[in-house]
């Protein structure tokens, strides 16, 4: 459960990402594919080479979904319901992949926004991404 401080940290930090959300989302995806090659199995139709337009486009989709979630921290289940259905029933993504992508996103964000990525912000973002992962895997049961 996100505390009021967590919510403030997440909203404030996410606001500092600005127009880079898509760029950072794509970088996090590419980082995940390189670090955890088994995650590539869900993207057989993608060009997975460095700088791929498909990775960038999907990274933007991921980042846009997270931006929506940041705007609706009080109702993550409602905000992410369609994505949860899609990943559980149609795409059948292994739930562990959400944790892997969350980790790669934290690494990416910390590398770009070092000054703002304090231990407190790190903890809040980790809790936020964990909450998102929990919602996205809720329809698997």
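Backbone N, Cα and C define each Cβ position, glycine as well.
If you check Swiss-Prot, you get these features:
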type	residues	note
BINDING	58	O2 binding site
BINDING	87	heme b binding site
MOD_RES	3	phosphoserine
MOD_RES	16	N6-acetyllysine
MOD_RES	24	phosphotyrosine
MOD_RES	35	phosphoserine
MOD_RES	49	phosphoserine
MOD_RES	102	phosphoserine
MOD_RES	124	phosphoserine
MOD_RES	131	phosphoserine
MOD_RES	138	phosphoserine
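Annotated features, which come from Swiss-Prot, shown on the structure.
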residue: 16; record: N6-acetyllysine; Cβ neighbours (10 Å): 14
residue: 24; record: phosphotyrosine; Cβ neighbours (10 Å): 21
residue: 35; record: phosphoserine; Cβ neighbours (10 Å): 12
residue: 49; record: phosphoserine; Cβ neighbours (10 Å): 10
residue: 58; record: O2 binding site; Cβ neighbours (10 Å): 17
residue: 87; record: heme b binding site; Cβ neighbours (10 Å): 21
residue: 102; record: phosphoserine; Cβ neighbours (10 Å): 20
residue: 124; record: phosphoserine; Cβ neighbours (10 Å): 22
residue: 131; record: phosphoserine; Cβ neighbours (10 Å): 19
residue: 138; record: phosphoserine; Cβ neighbours (10 Å): 15
Cβ neighbour count within 10 Å of residue 3 (phosphoserine): 10
From 3, 35, 138, the modified residues whose CA lies within 10 Å of that of residue 124 (phosphoserine): 3
Rounded to the nearest Å - Cα separation of residue 16 (N6-acetyllysine) and residue 24 (phosphotyrosine): 12
Distance [Cα-Cα, Å, rounded] between residue 102 (phosphoserine) and residue 131 (phosphoserine): 11
